[in-house]
Amino acid sequence: METFWLRVSFWVALVGGVISDNPESYSTNLSIHVDSVTTFRGTELSFVVTTHQPTNLALPSNGSMHNYCPQQTKITSAFKYINTVISCTIFIVGMVGNATLLRIIYQNKCMRNGPNALIASLALGDLIYVVIDLPINVFKLLAGRWPFEQNDFGVFLCKLFPFLQKSSVGITVLNLCALSVDRYRAVASWSRVQGIGIPLVTAIEIVSIWILSFILAIPEAIGFVMVPFEYKGAQHRTCMLNATSKFMEFYQDVKDWWLFGFYFCMPLVCTAIFYTLMTCEMLNRRNGSLRIALSEHLKQRREVAKTVFCLVVIFALCWFPLHLSRILKKTVYDEMDTNRCELLSFLLLMDYIGINLATMNSCINPIALYFVSKKFKNCFQSCLCCCCYQSKSLMTSVPMNGTSIQWKNPEQNNHNTERSSHKDSIN
């Protein structure tokens with residue numbers, strides 16, 4: 001058993017990225033039944049090894065605190081520093097990547113269209129998580145306690161932290177759904193061409209996405225409280241989900257299934273449905289003189305569709321291990337089983353891997369756009385080199401809405417001016 005734990009600790013140290021740790025579970029021992037050791041954009045495993053149950057905290061379902069596993073968990077110093085380094089890396093990449101993406105879309109008029117507006121909304125949600133949540137995660141990892149735990153600001157952070165975590169994931173999920181719908185609309189209206197700009201319907205969608213994401217995150221702000229506990233003779237407080245009402249008890253019971261269904265399955269199902277419809281639409285309109293005339297636009301729209309599909313696949317790969325771990329713990333794990341300890345240690349390892357991958361999703365979208373989209377690749381290179389508008393050579397590029405745009409020097413003739421604002425409708 002001791003050798004097994006050494007192996008687990010070793011692999012956790014290797015695969016551990018940022019512990020995107022939601023204070024939802026401050027467990028004291030492997031055998032304690034915890035609501036959700038991990039949730040979205042973070043959940044945490046206990047960083048403090050203790051055998052004291054926090055006071056004012058609901059006991060496990062059987063009302064007992066016995067049947068501990070013979071081994072306890074602890075976070076080694078090496079593991080903390082490894083995760084801190086990776087966390088800082090994700091912070092830098094997420095800050096630079098998402099901020100640059102927002103700047104590109106804001107400063108280039110040819111990039112201001114429906115799908116790019118949704119991508120900007122996606123990047124802004126990731127940026128909020130990176131700027132606010134990651135520093136708190138690193139502090140908790142190194143200090144082993146909740147920041148400002150003894151004053152009111154700590155209580156404010158306890159409410160804000162999980163609220164922003166869940167809101168950020170909601171923004172990601174709903175924007176991916178909106179992008180899938182947008183791609184189908186673009187193909188269904190493939191003969192329509194209109195000017196540059198963000199359609200009103202897309203602006204309404206984005207506002208609705210943010211409002212709905214905040215509303216769905218309200219239970220997190222309500223349920224998370226500062227819970228006092230004793231550790232090594234000293235009094236501490238930590239932030240965790242503590243169900244004190246019937247609604248919160250219900251929310252706590254169905255939370256894993258709710259997260260899996262709405263925050264994971266829904267964008268995948270939505271993408272599958274609308275991409276199937278989009279494929280059928282393309283096959284049905286494969287012939288015809290109008291299609292031949294607009295073949296370039298159709299080709300560009302297919303490229304955009306592939307980019308959106310790539311973002312959805314990355315989302316699925318990043319979040320699947322975490323959801324799988326949560327569902328296995330909900331369905332297979334039995335806290336009263338005497339042989340549960342090895343299973344729980346495996347689930348904890350899956351939690352670490354899943355948490356790290358889920359956290360990386362907040363910085364990977366700009367990287368994916370760089371490699372998938374030639375237009376974004378050119379803009380990233382020019383923007384990061386501080387020469388976005390200083391190019392003296394003619395550059396022909398394809399924005400995310402599938403339009404052929406030409407950038408010309410002021411000295412050149414204006415006979416292509418109309419083409420510079422030519423844009424096919426994807427909305």
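Numbers here mean position along the shown chain, with the first residue as 1.
The backbone N, Cα and C atoms fix where each Cβ goes, and this holds for glycine too.
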With respect to Swiss-Prot, which of the residues Asn62, Asn98, Asn242 bears the note N-linked glycosylation site?
Asn62
Among Asn29, Asn287, which is annotated N-linked glycosylation site in Swiss-Prot?
Asn29
If you pull up Swiss-Prot, which of Cys88, Cys110, Cys177, Cys239 shows a disulphide to Cys158?
Cys239
Is it the same side of the membrane for Lys109 and Leu344, going by what Swiss-Prot records?
no
Rank 81-102, 160-181, 206-229, 257-278, 348-372 by Cβ pairs under 8 Å to the transmembrane segment (113-132) and hand me the top one.
160-181
Using a Cβ cut-off of under 8 Å, list the residues of the same chain at least 6 residues beyond the transmembrane segment (160-181) that approach it.
20, 22-24, 39-42, 115, 118-119, 121-122, 124-126, 128-129, 132-133, 136, 202, 205-206, 209-210, 212-214, 216-218, 220-221, 224, 239, 241, 262-264, 266-267, 270-271, 273-275, 308, 311-312, 315, 361-362
Counting every protein chain present, what is the number of Cβ atoms, excluding its own, within 10 Å of the Cβ of Cys239 (disulfide bond)?
26
Looking at the topological domain 'Extracellular' (329-347) alone, can you tell me the average pLDDT?
74
